[in-house]
Amino acid sequence: MASRLRARNIEPVSSSDLASLPLHAPGHSNGLLDVPKWHFLLNLLVKKELRVRYRGSVLGMLWSYVKPAVQLLVYYMAMGRFLRLSASMTNYVIYLFAGMVMINFFNEVMGNTTRSIVNNAPLVGKIYLPRELFPVSSLWVAFVHFVPQLAVLLLGALVVGWRPTMLNVMAGLLSIAMVAIFALGLGLAFAAWNVMFRDAENLVDLIAMVALWVSPVFYNWSMVQSVVPGWLWNIYQCNPLAMSVELSHYAFWVPTRGVTATRSMAELMPPHWVMWSGLALLISLIILVLGQMVFRANEGKFAQEL
């Protein structure tokens, strides 16, 4: 064998040569940075999850329109009509739905990503691929369901006179990005914890319930500022969910008010909201990094635990 290799100008590998090679952990990857390299498999995972979710369904993707429409109707009647919040706020239904779509997006990303590793246990245990593909594919599935809700919101805003500027559009895009980053960061951590402790799913359900009420979806920011101390108000504005909802209001609700005066804008948006939005985005990025660290620290145990 050695003579044949030398005849082809190929030097045989000795045991000493192998001993000098650096060692790498099995299945080593660069985490989220490797996900774009696996875009074909990511696309397959998204299609698989959508196909499984709507298997045997008559309406299929139409449920993405029906569910938020019913939710909007119930909350609007309860908060807008019965509690008369719509009487004190122009285009309250747009204000309400602009916040709801962001919270719905956050909750679905959190729920999907938390269960992504457990739900794909056969693939996790048998095939090598970046484990982050599963949470990221769950994020894209949630985005697919988010798009119809966004389309309904845009249609409703246009009906009542939505005339956005480039700043409004940029605020809307930033709101979506902030929710995606923040939810993915939390989802990565909870996906890892859910493999070890199934209680993580129940905790995520509690977070989803609380998220709707700690964000200015039903009420105006001024109602919070008037009843909490200054330090707690500052913490409230650091909340990426609260600021993403405010950015959504600025993108979809404020342009329906025909705001032209600085004074009117000061009444509609919280003080220093641009600064707080930047800080909330920074916090979201930090959460994403920390979530990735938690995920990487535990992914070596996934196959064993599942």
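Glycine is no exception: its Cβ is also placed from the backbone N, Cα and C atoms.
Note that TrEMBL annotation is computational and uncurated.
If one looks beyond the transmembrane segment (57-77) by at least 6 residues along the same chain, the residues whose Cβ comes under 8 Å of a Cβ in the stretch are 86, 92-93, 96-97, 100-101, 104, 144-145, 147-149, 152, 218. Annotated transmembrane segment per TrEMBL: 57-77 (among others), in sequence order.
What TrEMBL lists as domain 'ABC transmembrane type-2' is 59-298.
TrEMBL lists 89-106 (among others) with the feature transmembrane segment.
With a cut-off of 8 Å between Cβ atoms, the residues of this chain six or more beyond the transmembrane segment (139-163) that come close are 42, 46, 49-50, 53, 61, 64-65, 68-69, 91, 93-94, 97-98, 101, 104-105, 108-109, 112-113, 176, 180, 183-184, 187, 252-253, 255-256, 258. The transmembrane segment annotation in TrEMBL covers 139-163 (among others).
Residues annotated as transmembrane segment in TrEMBL: 169-191 (among others). Counting same-chain residues at least six beyond the ends of the transmembrane segment (169-191), those with a Cβ under 8 angstroms from any Cβ of the stretch are 102, 105-106, 109-110, 112-117, 132, 134-136, 138-139, 142-143, 146, 200, 203-204, 207, 240-241, 243-245, 247-248, 250-252, 277, 280-281, 283-285, 287-292, 294-295.
Under the heading transmembrane segment, TrEMBL lists 203-221 (among others).
Annotation comment: TrEMBL describes 273-295 (among others) as transmembrane segment. Beyond the transmembrane segment (273-295), the same-chain residues lying 6 or more positions past its ends with a Cβ under 8 Å from any Cβ of the stretch are 31-32, 131-132, 135, 174, 177-178, 181-182, 184-189, 191-193, 237-240, 242-244, 246-247, 250.
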